[in-house]
């Protein structure tokens with residue numbers, strides 16, 4: 001069991017484990033899942049994150065032992081205030097970049113502040129990704145669950161205290177959190193306001209990638225993923241329960257807290273990970289390896305090696321390659337790249353890409369270091385140096401990402417993004433090799 005920065009929070013260590021946790025001694029049944037009478041008069045309930053008949057190594061399910069079953073709720077009604085959504089923007093092959101989105105002035109909780117940026121599938125599809133930027137300036141008083149997909153949260157500003165059915169975790173910038181599809185949770189702001197990124201994964205649950213020839217260690221090590229221990233609320237007071245279903249918000253009112261799980265066991269769990277613990281792999285000879293070596297989590301498809309989504313980071317690291325153009329190379333990619341920046345600067349862009357901002361390079365969209373970065377890299381003294389105080393990341397998808405109407409029409413869209421490559425000179429000389 002691990003203790004995080006908050007003295008009242010404890011975590012279980014590991015990834016893909018069969019965890020077990022109880023807030024009261026003996027609350028977990030012994031030797032079976034659904035006894036006739038569960039300890040303490042609790043109800044047994046199964047939360048399935050995958051189909052029953054998946055391979056055992058890929059199953060995600062958790063047994064919950066709770067004060068009241070989730071079935072105890074009235075009819076859901078569609079909320080008058082709906083999330084920003086609507087049809088995706090028209091076909092647009094251009095490279096796009098956005099400045100940071102402002103945090104709203106009006107009171108906005110976590111689920112009210114989602115700005116849809118890009119997506120590649122409707123919520124009911126069994127694969128695909130929708131990407132948002134969240135902004136909030138007040139804590140949630142209601143409870144939320146997302147029927148449309150698994151949520152990967154990447155804070156850029158402000159710490160979050162996330163109370164889930166399975167326990168409580170705190171997440172700060174340079175950490176991430178993953179919340180399974182359908183799990184109820186509430187987000188409280190520890191710093192007054194918050195901003196960050198969300199990848200809503202409609203496909204196979206995220207997992208750590210295979211390491212191949214890297215071996216048995218490296219990248220995101222399983223022991224650094226932390227799942228909260230059991231914690232329950234026994235409050236009997238009105239609370240709104242909101243669900244996101246096919247992109248819409250529907251709600252009902254309960255007379256009790258739905259975060260009332262006293263004990264649980266299983267593998268369908270929320271977790272957090274500190275990106276500063278990523279064991280970065282890179283060249284110690286020449287050339288710039290493929291960015292797949294920076295993959296933290298992946299959602300696979302049925303095609304081996306082709307991801308529904310990869311979550312990739314560009315952390316602090318030493319650059320030592322000899323006789324090498326060290327920034328990320330110029331590229332035209334089969335995959336689609338949505339990038340964000342948590343802090344510092346990205347080594348391929350000298351200006352214009354700011355923390356809280358974003359960029360989109362779609363399939364076969366030519367991209368690479370800007371003119372200033374390129375000029376400096378060609379002339380650089382190739383002594384070892386460290387890229388420090390930075391954390392950029394990428395959501396990379398196999399299906400084409402299409403920007404939302406809101407993303408295309410917002411004032412933060414940089415109209416002059418293409419100009420960062422406009423002054424790249426031709427240095428070709430057929431008489432000099």
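Note that Cβ sites are derived from N, Cα and C of the backbone, with glycine treated the same way.
Keep in mind that what you see is a predicted model, and the values were worked out from it rather than measured.
Annotated active site, proton acceptor per Swiss-Prot: 288, in sequence order, evidence recorded as sequence analysis. Summarising the environment of residue 288 (active site, proton acceptor), the number of other Cβ atoms within 10 Å of its Cβ, over all protein chains shown, is 16.
All protein chains shown were included, and the count of other CB atoms within 10 Å of the CB of residue 367 (Fe cation binding site) stands at 21. What Swiss-Prot records for 331, 337, 367 is Fe cation binding site.
The homogentisate binding site annotation in Swiss-Prot covers 346, 367.
Annotated Fe cation site 331, 337, 367; additional same-chain residues within 8 Å of its Cβ mean position, judged by their own Cβ, are 328, 332, 333, 361, 365, 366, 368. Its own atom aside, the Cβ of residue 346 (homogentisate binding site) has 25 Cβ atoms within 10 angstroms in the protein chains shown.
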